[in-house]
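First the structure, in the form of structure tokens, and then the observations on it.
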């Protein structure tokens, strides 16, 4: 066997008939499979042991030679070689065809490859191949033309007329003869001449033909190899036949298809031997052709061959295609050993890096390790006895198990794995029962809950794998989310409400205004009932020496609450004392306003002071982020565990419950509703009198009811008691939101009808009062729609993620610095007066391209090529800088990836990114994972303005990344200049916008309803939108440069996500957009040997030009092309990656003709062939590290005086 890690690249090509015979270990002559009586393979059949190898290890068919000592001997009686039975998975056979047969892939695909080489239409080819028409191969002296088609009758007439002065053939052999006569060199030269003057359709066809002919010339494939003389038979163990209970057999469809080919082939041979009439032979040849077509790609032409129950048989092509095909089912994802799955349950007492492993699972997973240890400790004499001990569940096995699982991390995975946090490593802890225990804080990353979710567990075996699991994948390291660098492990639900309740302040609580010496005294007072958790008290500041108070503050008394003292006790040493949930307190230290001079009256102060809000979920998240920034991983994971324990403990003690009495009634509700009814009546009256249109009436009614609902909501919020448990749940961010409340205590409001339109009939009741039957019925529409929407959204979002991953999988950080001289000028993204993404978010964690100066005094804030951290970003914003030029993936020069400087900070660690990081996959996951949270629907602007609907949410993201023509497009100006006039033409329903540029004047016609973005007299740049709507990037790239197009796409994608409150770092979006613009279309080839119109990778194009320039030639010119992600993924340089994505047969057909070589740079191609993945620790740089001897060996120790003497000499 070859070692997969030894080869550099993989090539694919057409197989010549000789090659097929060379691979083969023998010809399959009979359609038989196995003998049903003896169950032995039949001789010369599809499972023949002489051809494919023995069915049992080291045993020939007749049993003369058994055992490994006869290895390599061929039995003289049955002719079977004595070897391993595994060879039945590797050895091929072949079938010698009695007549040549065309390969359906090359005849059928679009465009038909055979048709292009022969310059014939697929229609004519079909007539020839399937024996409907003859074709002239050699016209000789006759007036016939080469490649002329003749019907049966015409052929007979010409034959009687000219005799054997011409040659015409039919079927596969005719095609073979034609292909053999093609002179590729001559054709190529003719086409190149033709291209010089051709245009339109003719030119396109010529370019296509030249492309294919050059492909044949370059790859060394011969066109006649598209016709088969012999077909390979794949190894029998890849198309097995198994016996079912009851003596019946189940077999792979391929065997049926092969049998048909062999049957027809044998019949044809017999007919030829018998010299049968031509028509019978022709019919048999046609049937053979169809049988081979069905074997290669069943159903591609005509009706598919069906098996029992009219089920189409699965041919060789189907074995590769789709989710169940070879690529996606077996090569990209395999089932693995040492794995298990079980239901998960909550493990509140676990540490951040632990998981609970049920004993029975541990026994099975760690079996070999336990066996080795049992033998090692002398508890079992050999491995067999050790296995027996485990099966018997002896007592000493359990002691060994405890030690074996120590320090051995395991991987936990929950499907669907939407981002890289879906697989994390934990240290196992044995638990009883059969459910695995998961740490409550790890739930958010996995999106897991405990309502019956299952998870899979995997065991890293080798020392390297264990080391990587421990160092890179331990759950404690995954505190920040890769998409935005915000903590992903934040306390939720009970933990939030516990800490919220703990940090609440209550006026007039028991013991208010007491002053304590230190935390221990406070605890004592609390336990003895002198104070409550919510009591506001004073504490000597110098009793907390580890808190960073100022010197002045240390002499004073801190006003805080008992609960806050307890909360601050869990924070790391040296972290600020948190007294208020403000950013100022968190970043700049405890504010002076919370301190008292000694001697001031504390009670008087407390009466004047407002209550401070408790700590909500968002603030806890900020605290974690700040701790992570200051103390890094270890301290943060310890804090998280303490926060979790405190939250659970305090929420239990708080005794929060929800009862019907907690849902208050709003006394003003009837008045508000009556007023709304009155307004609706007024609007209806206006409509009846014809003062307003029906649409306007509808809009107003909807508006009235929405206002009424908002009014009720507002008043509910004002009357809520901050101690109300429902309010606390929502306010703390533990569960629920305002609208849930309005529905419980206010009114449910308007509902959507099944068609998505909002019904004018509002639901006036709330759930506390109960709904009427009609109201209940109206509500159900929404519930059903919600369910279906979610289901559809999940599928759509998953498919989007798959396409994104596929297009960006080979983007890896490949070098430290690409040395580019271009940067990206960025500013905040805003729409009108709504801020979409502030500048701070955009520059944080990026490298500068140029220095940034303070606009007021000209001081340098940061130099070029430096990383912008939080402090510097804050400085830049405070200095009032509006634009910064940064290093960006858009301008990075690294081929097949990005460099560290252009990428910037790794969002998941907060440090600079390292070489080897698979940033493309991370980017795809970061954009795809929140996809399920985006809405599915298109928002209708509705109303009188009659503007086109704007697409939002998931459909808009797909529209952008697939670069489709947008719905509701905006017209763009192709010139820079002034808007001269906007003239409306009500008769036509249009308006004309005239723009006067420096050289020419352009006029654009828009519908009269379009909302304008420009006014008369405006000065606009080319590429600016004239009306509201989405710009088509394909149009934009024609009038602007690539960078502005990329910038536009970036802001459009960010707009969609930010509107839904989802933050994604720019760099992820940049990587995806860069992948859409990696290709160029060659316009003029210059002196290169590229064909005009070729789609090329930018880097390949640059390299070709570089070589041409060095040789003194004229370089080629090209223009950038924007491809949708599906198209871009299929156009990748790796045929393995493209074939495993979509359109498998088309990709492979094309790759085979071109003799493509897959350089194996991306991740997918390496996964497919089983090579180590070239990212992370699999990068070649990291794998070729050799220890180096740094200093010379010191023979004998020198005396100090000698050394001193030497030093002095060198100094002098």
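In case you wondered, yes, glycine gets a Cβ from its N, Cα and C as well.
The structure displayed is predicted, hence computed values, not measured ones.
Here's what Swiss-Prot has on this protein:
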- 60, 62, 75, 78: Zn(2+) 1 binding site (BINDING)
- 449, 451, 453: Mg(2+) binding site (BINDING)
- 818, 892, 899, 902: Zn(2+) 2 binding site (BINDING)
- 1202-1212: compositional bias 'Basic and acidic residues' (COMPBIAS)
- 1193-1212: region 'Disordered' (REGION)
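Residue 62 (Zn(2+) 1 binding site) has 453 as its nearest neighbour among the binding-site residues 449, 451, 453, 818, 902, going by CA to CA distance.
Residue 62 (Zn(2+) 1 binding site) carries neither a helix nor a strand DSSP state and counts as coil. In the three-state DSSP reading, residue 453 (Mg(2+) binding site) counts as coil. Here the CA atom of residue 449 (Mg(2+) binding site) lies 39 Å from the CA atom of residue 899 (Zn(2+) 2 binding site). When other Cβ atoms within 10 Å of the Cβ of residue 899 (Zn(2+) 2 binding site) are tallied across all protein chains shown, the result is 22. With the fewest other C-beta atoms within 10 Å around its C-beta, 62 stands out among the binding-site residues 62, 75, 78, 892, 902. Shown are the binding-site residues 449, 451, 453; of these, the residue with the fewest other Cβ atoms within 10 Å is 451.
Proximity of residue 818 (Zn(2+) 2 binding site) to non-local residues of its own chain (separation of 6 or more, Cβ distance below 8 Å) is seen for 892, 893, 894, 898, 899, 901, 902, given in sequence order. Across the fold, the C-alpha of residue 453 (Mg(2+) binding site) and the C-alpha of residue 60 (Zn(2+) 1 binding site) stand 51 Å from each other. Same-chain residues that are not part of 449, 451, 453 yet have a Cβ within 8 Å of the Cβ center of the Mg(2+) site turn out to be 344, 448, 450, 452.
Residue 451 (Mg(2+) binding site) has 60 as its nearest neighbour among the binding-site residues 60, 75, 78, going by CA to CA distance. Note on proximity: of the binding-site residues 60, 75, 78, the one nearest residue 449 (Mg(2+) binding site) is 60, by Cα distance. A coil conformation is recorded for residue 75 (Zn(2+) 1 binding site) in the three-state DSSP classification, outside any helix or strand. The C-beta environment of residue 60 (Zn(2+) 1 binding site), restricted to residues of the same chain at least 6 apart in sequence and closer than 8 Å, consists of 49, 54, 66, 75, 77, 78, 80, 81, 82. Other than the site residues 818, 892, 899, 902, same-chain residues with C-beta atoms no more than 8 angstroms from the centre of those residues' C-beta atoms, the Zn(2+) 2 site, are 815, 817, 820, 887, 889, 891, 893, 894, 898, 900, 901, 903. Apart from 60, 62, 75, 78, the residues listed for Zn(2+) 1, the same chain places the Cβ atoms of 61, 63, 64, 65, 76, 77, 79, 80 within 8 Å of the centroid of those Cβ atoms.
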